Amino acid sequence: MEDLLSKIIEKNRYLISKGAVADYIPALSKVNPNNIGICIMDVDGNNYKTGNYDVKFTIQSISKIMSLMLALIDNGEDKVFKKIDYEPTEEPFNTLFKLDFPHTVKPSNPMINSGAIVTTSLIKGKGEERFNRLLNFIRTVTENPNISYNEEVYLSEKDTGHKNRAMAYLMKARGFIDGDVEEILDVYFKQCSIEVTTVDIAKIGLFLANRCKLLEQDTKVCDARIASIVTAIMATCGMYNFSGEYAATVGIPSKSGVGGGILGTIPHKMGIGVFSPTLDQYGNSIVGYGIMSDLSKELNLNIF
Ligand code: DON
């Protein structure tokens, strides 16, 4: 298996130069563009790791699935989806479009920034507690107590996240956000700057695949219905306005982040973590997409 994974990495390496690292968050522009890593974990307990699988990168939008899970645990499905919708969008991930329509329109889904900021606002806790609960939840699911956030990336996002700030205040004005906007944005910026490896995100994928149960532990961390909701939203919205083509060509429910990570989950089967920092026009890892397509074909993973 590792041989196959190495071959897939080398086959897609040329794509590095066809993309670009995210530079709208200045601290992200400093990452090494040449790292490529893969980790696969299946429900039978097999792990396969290749390349720069243990290099840390910021989780970015992949954190949106964790904040969604915690918001669902804290509030239940009905309350969460009163404030955000379940629907894909043709707009890019950082859009404000529709939020200021004369008739009130909810953020389309929890995977775009507006929806994710609302999701974060729904996590219970005061001050630091909200972020700490999210961090602890990520540590529990990854079984990695050392996960923390990158202070430089966090401050860089806080400094330059004007568009996120604009949409958060607009949503506050439209009644989608309760509480202090700056405090909520602070949690959002911090959660995006949490550092993980492909092993950590593969573990999250496996947790979803295993219906919210940690492998080798009997107790469910949360209800299986949460895995079902999150996986469906990943399949329809997880790769932003490329989600339809991705579903048709790869067929693995996935979530990307501008740090270069892609997390895949195959219900009842496996979790996949892929990392390569250069991005395509949608903000998805360009090598990551190539790798996921090849994995899907070679290992027959397309769920559709
Ligand atoms: O808010 C932002 O723009 C970033 N912190 C996260 C965006 C992101 O990862 C989009 N993903 N592909």
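Cβ atoms are placed via backbone N, Cα and C, with glycine included.
All TrEMBL annotations are machine predictions without curation.
According to TrEMBL, the feature substrate binding site maps to Ser61, Asn113, Glu157, Asn164, Tyr188, Tyr240, Val258. For Glu157 (substrate binding site), the same-chain residues 6+ apart in sequence whose C-beta sits under 8 angstroms from its C-beta are Ile25, Ala27, Asn164, Phe189, Cys192, Ser193. Glu157 (substrate binding site) falls within a helix when secondary structure is assigned with DSSP.
In this structure, the binding-site residues that sit close to ligand 1, with a C-beta under 6 angstroms from any of its atoms, are Ser61, Asn113, Asn164, Val258, chosen from Ser61, Asn113, Asn164, Tyr188, Val258. The Cβ of Asn113 (substrate binding site) has Ser61, Phe93, Asn94, Thr95, Lys163, Asn164, Met167 as same-chain neighbours under 8 Å, each 6 or more residues away in sequence. With every protein chain in view, the residue among the binding-site residues Tyr188, Tyr240 whose Cβ has the most Cβ partners within 10 Å turns out to be Tyr188. Looking at Ser61, Asn164, Val258, the binding-site residues in this record, the fewest other C-beta atoms within 10 angstroms of the C-beta turn up around Asn164.
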